[in-house]
Amino acid sequence: MDLVIGGKFKLGKKIGSGSFGELYLGVNVQTGEEVAVKLENVKTKHPQLHYESKLYMLLQGGSGIPNIKWFGVEGDYSVMVIDLLGPSLEDLFNYCNRKLTLKTVLMLADQLLNRVEFMHTRGFLHRDIKPDNFLMGLGRKANQVYIIDFGLGKKYRDLQTHKHIPYRENKNLTGTARYASVNTHLGVEQSRRDDLESLGYVLMYFLKGSLPWQGLKAGTKKQKYDRISEKKVSTPIEVLCKNQPSEFVSYFHYCRSLRFDDKPDYSYLKRLFRDLFIREGYQFDYVFDWTVLKYPQIGSSSGSSSRTRHHTTAKPGFNADPIERQERILGKETTRYKIPGAVEAFSRRHPTTTSSPRDRSRSRNSDDGPFSKQTHGDSERANSSSRYRASSSRKAVAASSSRPSSAGGPSESRTSSRLVSSSGGGGSGSGNGRPSTSQRVQAGYESKTLSFSRATAARNTREDQLRSFELLSLRK
């Protein structure tokens, strides 16, 4: 396809595709910069690229949000041009033989929670949290996680009044069945709690290599979703998190205890994992499992192995010098990936060499970066042409509650609901001022004695700029 987009972006080879379009490599003919170009036929039955581009514009400036460079129509296609990114976490998970160490998962968890929290502060849910939708950056941003694919995103509150969307049931399953929350399976309208529960499943997937409801056989897609739902509901949190630190049990109990319109305490969840990270003696040096596999000398230099703790004289934790040792070894090596076959292509294009002088930037959770995507056959994503409607026999049990939310502002809706239990019992908290699980309700059920303190949300400084998008046509 010989096409120049917007007068300056030349279309290259196809690098990915999904249920909502195709992804191409592109290049800015004026600067030589490589970009990602997402195409969607204007005649598609359920167009969403224009909607997705609006969400990208709303989220611009956030850490781990790709820059949108151009959107418009070229011939028969709606086109969005954004930053080119590296491999997805699914690609890297496969590269690491489908299991990640606790250290790598905890380093990722901190960034992933930040990405989800940022979307929520902008008034939107993602609704398709999965490893394929988190990509690593390129070059100096190679250690930064980016969140992509906002086509299923939904506004959950009015940007001016902060009024929360109403509680509803009998909703179709939106997202990817493997990582969908229990209440999403049961047809309950999604809210912030559901993105966080999905993120918890992603973390357990990384740690354990698979989830209990993977590989279930069924005759139709609906029957498969039914089986996944039944298995997910019947698996106690303690069984799901067996042989993993208790912080993951606490994470799930917290997420499932949130009411529909509750504002999650993101700081509490991040603190759970940060305290565990420090207690394990790890260094936040951005030496991920895939870094060690690609550059074994980094692992030995940093005093870590891919499956053990860091033993170092430096004080463990998040304040340690991030990638100084990695800089010395990598020198000016530009970490460059392509999708699909991201890591393999990277290995072919960049043989391990350590002769260059140090010039690697310290990549913390800073600003922007690039883009790319791969769709995996086992993702079980429910697209708009085949939605799953929860059967009435497993409908969520709803009950109105007038208990004021301790986290939401006065303008947030007080309508809430009881969730359907999907856990076999409580866990235990992990100390350090964090609430124990005994203070929490049984997983999935609401409690009038719920007493978590909520962090007061900072006033959105960009509200005025965002109001121009208030007329944005949003998903039902």
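Quick reminder: no glycine exception, Cβ is built from N, Cα and C everywhere.
These features come from Swiss-Prot:
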{"type": "ACT_SITE", "residues": "Asp128", "note": "active site, proton acceptor"}
{"type": "BINDING", "residues": "Ile15, Gly16, Ser17, Gly18, Ser19, Phe20, Gly21, Glu22, Leu23, Lys38", "note": "ATP binding site"}
{"type": "COMPBIAS", "residues": "357-367", "note": "compositional bias 'Basic and acidic residues'"}
{"type": "COMPBIAS", "residues": "382-422", "note": "compositional bias 'Low complexity'"}
{"type": "COMPBIAS", "residues": "423-432", "note": "compositional bias 'Gly residues'"}
{"type": "DOMAIN", "residues": "9-278", "note": "domain 'Protein kinase'"}
{"type": "REGION", "residues": "299-324", "note": "region 'Disordered'"}
{"type": "REGION", "residues": "340-464", "note": "region 'Disordered'"}
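Sequence features annotated in Swiss-Prot and their locations in the structure.
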residue: Ile15; record: ATP binding site; CB count, 10 Å: 22
residue: Ser17; record: ATP binding site; CB count, 10 Å: 16
residue: Gly21; record: ATP binding site; CB count, 10 Å: 22
residue: Leu23; record: ATP binding site; CB count, 10 Å: 24
residue: Asp128; record: active site, proton acceptor; CB count, 10 Å: 23
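Put simply, Asp128 (active site, proton acceptor) is 18 Å from Leu23 (ATP binding site) when counted between their Cα atoms. Looking at Ile15 (ATP binding site) and the residue listed as 'active site, proton acceptor', their Cα atoms lie 21 Å from each other.
With respect to their backbone Cα atoms, Gly21 (ATP binding site) and the residue listed as 'active site, proton acceptor' stand 16 Å from each other. Under DSSP, Ser17 (ATP binding site) is assigned to a strand (E or B) in the three-state scheme. Calculated from their C-alpha atoms, the gap between Asp128 (active site, proton acceptor) and Ser17 (ATP binding site) amounts to 16 Å.
The average pLDDT for the domain 'Protein kinase' (9-278) in the predicted structure is 96. Reduced to three states, the DSSP call for Asp128 (active site, proton acceptor) is coil. Under the three-state DSSP scheme, Leu23 (ATP binding site) falls in the strand class.
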